[in-house]
Each structure stands twice: as C-alpha cells, then as structure tokens.
C-alpha cells in the first residue's frame, strides 16, 4: 500500500524531480511542522487523526532512509515516464483517428460534389475570418479620429474642387455675391433660383464666414453674368451685393470714364485693385437701404 502513496505529498512537499533534490534537513523540518498540525492531541474530535498521524510517521521514515528514498524516487520517475508514454500514445492515437476520418471524408467527398463544394466554402470562410482578425489586430478597433480626419479630408477635397473649378471656368462668367450675417440666409438653391432669371446657372459655391456670407455664381455665358450684375438684390431685409469676379473686356482701346465716387463722396482711385468694385458695392447698398426705408 505504501508504494501507491506519494510520501512527499504527505509531508506537504513537492514531489517528483523537485522532491528528489530536497535535503534531509528540509524533510525533517517539513515533518515537524506537519506533526504539530496532525497530532491527535491537536485533533480530539477527528476519529481519523491517529491513522493520519501514523501515515505521516511512515512517510517520514521512508524519506529519511537513504536507500528507501532512492527506490521511492525511482518509482516516481518510472510512473511519470509511464504517464508521458500513455499521453504520447493517446496523442498519436487521436492523430491517427483524425487522419483516418479525414481520408474517409476526402474519399467520400471525391464522389460527392456537393460535400466537396461545402468543404471548400467552409475552408475559404475560415481563412477569411482569420484574415479579418489579422487586419483588426493590425489596425486596431478604435476609430476615434476617423471623423476628424475624414472631415478634414472632405474639406480639403472641397477646396481643391473649388479651386479647380475656378481655374477651368472663364472668370468673366463668374459673379461674387455677398450678404450680411444675422438676417435672411441664402442657400445654394435660393441663389440659383434668383440668378436663373438671367440665364443658365452652371454652379453655386457657398463661402460663408462668421460675419459675412458670400457665394460664387458661375453663369453659363458672359452675357448672363453682365445682365445679373447690379440687378439681383435678393430680399430687402438682407440684400445681396453682386459684382463680377472679373470684369468683361468690352473694348481693347482705353476709353474715358468719369471718376468713381465712394459712399462718402470722395474720389476713388480705379487703378487700385478692387477700388471700382468697392465703390459699386457702396452705391448698391445705399440704393437698397433707401428702398427699404421707403417700404417701412
């Protein structure tokens, strides 16, 4: 019976290879600690206390004896090797059974196109799931920052498209429209409806800021752009200022023009870039404000 007992475990020690390396001093120390715990005087209500204490003494005597301990270590080693061999045999047996089942399955599928197609589908689906997991692990699951990055990308793309449209379109067909913020707002659809009375509108690009709304109107022809200039005023509560992005060239020879005056009556130097258009804006504003006052 003693050959089936692990005497190291009875003393509360590690068994196997670790137990064989323990010194006699370590074994004695473990025995004394365990004896204090299992002594029948310490367990008056335990009917098994005497037999357990006797087992403890027997195990200590075996491990204390050099020859008996060596034989016991050899027995543990042989048992461990047996367990390993059985585990290997079981592993080989399982592998052989798996191979046999796989061969039988393949032989069956060879004559069954439906089963073969199903297995192929399952194999491809499994590989796809593995690839998806690999990609997720590589790039991570957190997509915070996507919105910001995507929004930034869309803004850059929009600016790029607008610039491209400006370059590709004849500037003499384009009108710059502006209005004050805080009053009636103008959408692209509303602006298109206002300017279509003068001709075909090819595009409307809104460019608004916090203080001022503006848009770029692309007419289909120069004539339509000229006709709309200074004519479209929008709603009187928030009038539109319409100026050409680039004035149409009507004559290759210089002509005399009267000096342009601004809203304060001072002469404006037309050689300055944009000075003539600024004076025009001031004039249109004055007319619209007077018209609004008359309607009140």
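In case you wondered, yes, glycine gets a Cβ from its N, Cα and C as well.
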> With TrEMBL as the source, which of 15-44, 45-74, 135-164 is set down as region 'Disordered'?
Replying inline: 135-164
> According to TrEMBL, which stretch among 102-123, 168-189 corresponds to the feature region 'Disordered'?
Replying inline: 102-123
> When the domain 'RRM' (182-250) is classified with DSSP, how many of its residues are helical, how many are strand and how many are coil?
Replying inline: 18 helix, 18 strand, 33 coil
>> Can you give me the average pLDDT across the domain 'RRM' (182-250), rounded to a whole number?
In response: 81
